[in-house]
Each structure stands twice: as structure tokens, then as C-alpha cells.
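What TrEMBL lists as ATP binding site is A:LYS106, A:LYS144, A:GLU175, A:LYS176, A:LEU177, A:VAL178, A:GLU183, A:ASN262, A:GLU263. Look at TrEMBL and you will find A:110-292 tagged as domain 'ATP-grasp'.
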Number of protein chains: 2
Amino acid sequence: MAFDSNIKLGVLGGGQLGRMLIQSAIDFNLDVHIIDPDENAPCKHIATSFTVGKLTDYDSVMAFGKDKDVLTIEIENVNTKALKDLRDAGKKVYPQPEIIKLIQNKLHQKQFYAKNGIPTADFKATATKAAVAELKEMLPFVNKLETEGYDGRGVSVIRTEADLDKAFDKPSFVEKLVDFEKELAVIVARNEAGEVTTFPTVEMVFHPVHNLVEYLISPASISPEVEEKAQTLAKTVVNKLEMVGLLAIEMFLTKDGEILVNEIAPRTHNSGHQTIEGNVTSQFEQHLRAVLNWPLGNTETVVPAAMVNLLGEDGYTGEAQYEGMDKVLAQKGVHIHLYGKKLTKPFRKMGHATISDHDIAQLKEKINFVKEHLKIKA
Amino acid sequence: MAFDSNIKLGVLGGGQLGRMLIQSAIDFNLDVHIIDPDENAPCKHIATSFTVGKLTDYDSVMAFGKDKDVLTIEIENVNTKALKDLRDAGKKVYPQPEIIKLIQNKLHQKQFYAKNGIPTADFKATATKAAVAELKEMLPFVNKLETEGYDGRGVSVIRTEADLDKAFDKPSFVEKLVDFEKELAVIVARNEAGEVTTFPTVEMVFHPVHNLVEYLISPASISPEVEEKAQTLAKTVVNKLEMVGLLAIEMFLTKDGEILVNEIAPRTHNSGHQTIEGNVTSQFEQHLRAVLNWPLGNTETVVPAAMVNLLGEDGYTGEAQYEGMDKVLAQKGVHIHLYGKKLTKPFRKMGHATISDHDIAQLKEKINFVKEHLKIKA
């Protein structure tokens, strides 16, 4: 597929990832059509067309897809049967519906790694709470639901026998808790032509309680050997999947210097937001390039960057106010990205800030400055 | 004025400058309302609201402005009387209507420089073609219309007596042709609080025939002394004007190392497009920061960048096709910005490409690559 501005691109999901994709698509005169169940989704005002519809509903997705040329996603929780049928009807659908379906199920993801020799933490499938309790010898572990697990939901950390009560009584699996040194992520892209590029590995720091990325730094402070290993692993995963599109791979670096795949997402990802300012090509432009089969963009770092999620302050629900924004805007190299959400609630992702600076110590200082001063209240 | 996402920003003009302003405004959840006479203007699909109306018409501008909080421009050719009345009615209007009015008239611009000791090429006002002919002793010179001169229109180069026939028979002035070494530009911003920042000086290369910027390089290859002089001059101009907003200042560097102001534009400018990729803050975000009285952003260079206008190929009029785009997209660091114009015509500005690279020789090579390979035809 050669460059063509007249292509009709349809995106399932109209949240912040879709919004930033549209921001990139504007540069290419691309029409981006969005479907999302939320009539106030972040993409609403900037999409070429905006359809309210359930992404898991076969008929809604079919109706949305029928007049599009290329379909892609910004969330995995979509009706893959409809996407298959749209592909059979001649649409380009990337990532491929089979891959979305595989990734929707975290157990199937794990089984895929095991089958393909991709290093990942030991795991065992479980169907009931009682079955989890029988796996005491694996403690400490994480009990994860097969499906429905997003942003910290559907995940229960079981450290000791006393925690076993928190196990799920549903199709799930347990995964040995990894005593990791760092959490890393690599975003890899692959186009129809089979071209593969990876972004430099980033390092994520999670909030200890809410299990959301608190901030990340790109590039990661890791040895060239670990970097090489992480990059190679990312390419292996995307090639084994034979996926077309963008794939975010979250990894653990263990204390023994091993790298294990944690989870993957077949789309743009929170761990790639800093590429907008920090890399030659952003993850959003790369996603467009991959699904439209354009040449992939160069991913080199232009400037080291840190990314902080801007979350709704605990205890506030209502129309968002951005307290301290003026102070933050006065800091050199702070780039604000708000997601167009009118209403804030505790820990809701309302935006992110990217801080770019050649001095890593300065980056960390400014992360703290942003976190201390910018409060999203109602 | 503290940061407030609920502000209603109105922009007079919906071309590419407005379009890139909106792209930046999305990051701040800002509603941007546009008025433009062209029902297919580049901003049409991405503005919060889009009004078709004449910018020089008092009633259209008044009707557009009445429910906005802040008004700004992306083109100087607007009804300044309406803008004054809107300001008197309590709206914030930046740049100030008086300054827009001053700049609309190139002779008044020149008189302003003369009065304020701002170095500029010698000039003399003329009312008729005959009056121009009487100024032979100033040859070679440029004869410029007082008003209506945009993008090379309203400007006549008179090198010898034989050219005198090309002089205007209208209110105009003659300006001694400057034997310049380079053409430079500095973009300076000033907010209500009086904070002033300049972007690094850029170097422009004009097309020898069409009198449009052909490409520019940022930062300019000039000595620290010349850089200092250009930066100081830019600050002097904005401070003398007491302007709030963004001001682009085109300058000549003479062969004697002097700097003369050529023309100014009280808005985002073609000579600042490369700031999107090349500088910590883009000119578009800086424009928002200035007119909304937020702290101004840091303007340092992140990576050297070159900018090429993507013009409609001569001889083609009709629906635009981007020949060679795939080749160009495969080049490292080429950033494409298309302006959403369906129809191309000879030399129409259809977009621009910014090329970012730490190696200046590479930058120049890639400019040539883009110019050779990317052809906009119909």
C-alpha cells in the first residue's frame, strides 16, 4: 500500500490513545473515524467521524467497519469475530483479529510464550479459588484472571497463605512473583512488508499501591547487553506472532540479569507516550506507518525524556481543575498532554507530562516537581 | 490569567497556521473556534467550531467574537476596527488591534522602525509610478505596495531604469535593495506579564523566482556576535511595540555584518515551523502561551532542523497526489506536515517537511532528497 491520504481509517476505541493517534494523523491529511461506547470519549471532537457504539458488540463493529478501508484498535477488548468477518470482506485489519483474540486472554498469552520459547515467569492455569490454594508451593505469586484484566484490575498479589482468600474463583492462572530489578518496556512495530523496528527500551516505575505506571524514563539505565537482550526479545515476539502493527512488550529484568516477558499489548501504549518528544518518530506515527504499510520511521532517541501520568487526585470527582499548572508550564521542557476529559475521578488518567532534558538528574527532579505541584481536582 | 482549559479561544483565519495552532491546543484541552472565508480551509475539520466569514468584514468579525474570551489571528488581513470594539467590550485581543493595523501597512512599519531607531533599509514613500521614477538615484530598489502584499505579491524589484515600468502606480514606497549575505528570521514572544523569549535565529533560503521561502535551517550558521545582535534586535522590536503575542521578524544580514529588519508578522510564521520538532517549545504552543498569558516556554534547540515548504508542482491543478511520499517517509528524521488542502495548484503551500538531524551536512542532503523526490501533482 503506497501513501494515500484518501484512505478511510477506522479505529476501535476513542480514548487518549486514539486521540494522540488522530493528532499524528492530521499531519498526513488522514481521515480517522472512531467508534467508542462513551459519547464523551477523548476523540469525540477531533475525529473525522465519531460513532457511539459498543466495541464488543458484533453488529456495532460490523456496521462501523463496512465503509472503512483499514481498521485498527486502541484497546484490545473488542469483538474479534466482527473484525475477522470484516477482513474476510476485504478490509485490512491490523493487528490481525487472531492476535487480538490471543492477547485478550492472559493465559493464552502465557501459553504462547511457553510454546515459542519466549522467557516468562512460571505459571499454572487454575479454574477455582480452591485450585489456587493448592499451589501454595509456588508462593509468592500473582493470581490473574484470564480476561477482563486492565490497569490493575483482575490481578491479585498473593504473598503468603493468609492472602489466599484474595484469589479468584474464576478461570485464571497463577504466576510466580518475579523478584525483579527493574520493569522495562519495548515498543516494536512491524508492517505488512515485514519490516521491524523497535524503540529504545524504557524503564517504568509503578505506583506501589495503584499498580499504574507512575513515571518512566527513556532510555532505560541498563547495560548495553541488557538493552540488546530486550530489543532482540521484542523482535522475536512480534515475529513469532507475525503481527502487523504496534506491539508494546512489558518485561521484567530479574536480579540475575534475565529478561522475562510480562504482558503485551497490540497497540500504542502508555509506555510509549514520551516518544512524541523524545524520539525521531512517535509511537503514534509508527502505528499509522505500520498498519498502513508505509516505511517504518526511525526510532532513535532525540533527547532523554521522562513521562508522568497525570491522574485525578484522590477524593475529587467532578469537573476537572488543573491546580498548579502555571508553575509546571514555567519549567523548562515540560510538555503537557491533556486527554480532553471533562470529569475527573480518583486516579483517572487525565493526561500525561513528558519532560525532556539531556541531564537525567534534572529529569528526575522535574518529575518530582510536576508530581508535587500539579493536582487535578474538582 | 491562570491556566484554564475552559477559555474560548477565537482565531481569525483557518489556514495551515491555524491548523497547527489547533494541533498544539489539543494538548491543553483548549477549544479553538475558527473563522475563515474559505469553506474548505485547513482548519475546518479539526476546529471546535468553524464559521465561514470574511475576516475584513466588520459585522462578520463582531459576530464571531461576541461569545469568545480571547481572540487572536493567523493572518494580518483582518478588520481591526471590529477587533478594537471587541476589546472595548471586554475581550482579550492579542496581538493588539493597533499593532495589526500598523503592520498591515508596510510603509507604516518602515516609519515605525525609523522613529524607534530600529535599523532597516533606506526607504521613501511614493504615491505614483511617476514618483517612483524620480527616485532613480536610489537604484537598485524594491517598490512595495503599502498594503495587500503577501507571499511575494505587491513587491516589484527595480534593478535598473529599464525596470521602472514595473513600478506601482499606487500608495507605495521604494526601499534600497540590500546586498545581503543572508536572510535571517527570529521569532519572539511576549505575554501580558511582559515576559519575552526569542527562538534561536534561523537562516532562510528563498526560491530565486517565486519569492517564497524555499527552505530554512535552524539554528543559523552565524557568529555568536551576529546571533546576539539578531536576538537583541528582535526583543527591541517587540518591546517597542509593547505587543502581546508572537512576532516573526525577517532580517537581512548585510555583507558588512549589519542587521536590518526587513518585515515583521504578528503571528506564527513559516520561518518557525521547524520548532515543532527542533525546539523544546513549538512556535504554536508559544503563541498560545503568549496570548493566554501563561508562562512562556523554553525555546532552546533540541536538534538542528531544516524546513522545506511542500509546494504544488507547476503545471498541475486539481486533487492533490503525493508522488514519491513513500521514498521520503523512509528517510530518517523526515517529518511530514500536510495542511489538509484537497486541491493543489502551482506553488500552493500544501504542507512542509521538517528534517531533524544532528549532522548539518546530512540535513542539507535530505532537503535535496525531499525536493527531488516528493512531487505534488493532480
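Cβ atoms here come from the backbone N, Cα and C positions, even for glycine.
The least crowded of the binding-site residues A:GLU183, A:GLU263, judged by other CB atoms within 10 A of its own CB, is A:GLU263. Every protein chain shown contributes to the tally, and the Cβ of A:LEU177 (ATP binding site) ends up with 15 other Cβ atoms within 10 Å. A C-beta separation below 8 Å, combined with a sequence spacing of at least six in one chain, links A:GLU175 (ATP binding site) to A:LYS110, A:ALA121, A:ASP122, A:PHE123, A:PHE141, A:VAL142, A:ASN143, A:LYS144. According to DSSP, A:GLU175 (ATP binding site) sits within a strand segment. Taking all protein chains in view, 22 other C-beta atoms sit within 10 angstroms of the C-beta of A:LYS106 (ATP binding site). This prediction places the mean pLDDT of the domain 'ATP-grasp' (A:110-292) at 93.
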